[in-house]
Amino acid sequence: MTASGSVQAILTPPSHNSVIYSLATGGTVSIAALFIAGILPGLLLSLTLMVMCVVFAHKRGYPKGERVPFKQALKIFVDTLWGLMTVVIIMGGILSGVFTATESAAIACLWSFFVTMFIYRDYKWSELPKLMYRTVKTVSIVMILIGFAAAFGAVMTYMQLPMRITEFFTSISDNKYVILMWINIMLLLIGTLMDMAPIILILTPVLLPVINSLGIDPVHFGMIMLVNLGIGLITPPVGSVLFVASAVSKQSIEKVVKAMLPFYLVLFAVLMMVTYIPAISLTLPKLFGVYTG
């Protein structure tokens, strides 16, 4: 359940994978639109997983958890408000037009630093250099990937690979739903072997001409890609989240995969719904006025 829930986190704003997808499109797709577009697919996935949990709990006779007293629940909620304000700053700033997506991210970083160091006090000031080192190390890896992906995209354009790939897919069928199915299969296979960020950075410039030629909305396709590659993170042989779940639960990969089989079916069902019902991804961005595509 925890591993399957990680896919929902990929969709729910503010999602850094949405930012990476926007960068991979050359900035032609709005980050704000992608953030808002991820809300309904994320809620849909959450709802289906919750139903699965209830079914399994009743079927296997899991014991009920202890009730949390109202005062304790209220105290916990109040304590979390400082952290939840980060999401409010990002989404509120973007939707109100006060900040751009980039500016809201910078403000959110400053707020998170303030809350961590002065309110929650999770770290000591002496640990700050180590934290900065880890942050720079992580960000530098992403920037290197973006740099190489940009160079790779330039080479592909020079070799006319996007055009040839578009011709290949359109030669299979002129039905966009059939081509979307083939793209989903391809992404699922690649997603089991590679990490998410490199795939988005490398394949988005390749697939964008294909979906544009078919009249598929790029925001809608972004949600398809995120759900699809999220499933790849929990799928053997290389699913990174799968290995984390195995290590935390102290169970073999085989046992974890066997336990997840029903959840795979639910995730694939949600993927098909997001793929073939564009309104799931596009209704809210249009409603909030952050997207007019």
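Each position is counted from 1, following the chain as shown.
Positions of Cβ are set from backbone N, Cα and C atoms, glycine also.
Annotated features, as they stand in TrEMBL:
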DOMAIN    2-280  domain 'TRAP C4-dicarboxylate transport system permease DctM subunit'
TRANSMEM  31-56  transmembrane segment
TRANSMEM  76-99  transmembrane segment
TRANSMEM  105-123  transmembrane segment
TRANSMEM  135-159  transmembrane segment
TRANSMEM  179-211  transmembrane segment
TRANSMEM  223-249  transmembrane segment
TRANSMEM  261-284  transmembrane segment
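Here the transmembrane segment (76-99) has long-range neighbours at 13-14, 31-32, 35-36, 68, 105, 107-108, 111-112, 115, 119-120, 288, 290, meaning same-chain residues at least 6 beyond its ends whose C-beta is under 8 angstroms from one of its own. Outside the transmembrane segment (179-211) by six or more residues, the chain places 10, 17, 20-21, 23-26, 142, 145-146, 149, 152-153, 156-157, 161-163, 165-166, 169-170, 172-173, 218, 221, 224-225, 228-233, 235-240, 271, 275-276 with a CB less than 8 A from a CB of the stretch. Listed by sequence, the residues of this chain that lie at least six past the ends of the transmembrane segment (261-284) yet keep a Cβ under 8 A from its Cβ atoms are 1, 3-4, 7, 36-41, 44-45, 48-49, 52, 56, 177, 180-181, 184, 217, 219-220, 222-224, 227-228, 231, 235, 291, 293. Mean pLDDT, taken over the domain 'TRAP C4-dicarboxylate transport system permease DctM subunit' (2-280), works out to 86 on the 0 to 100 scale.
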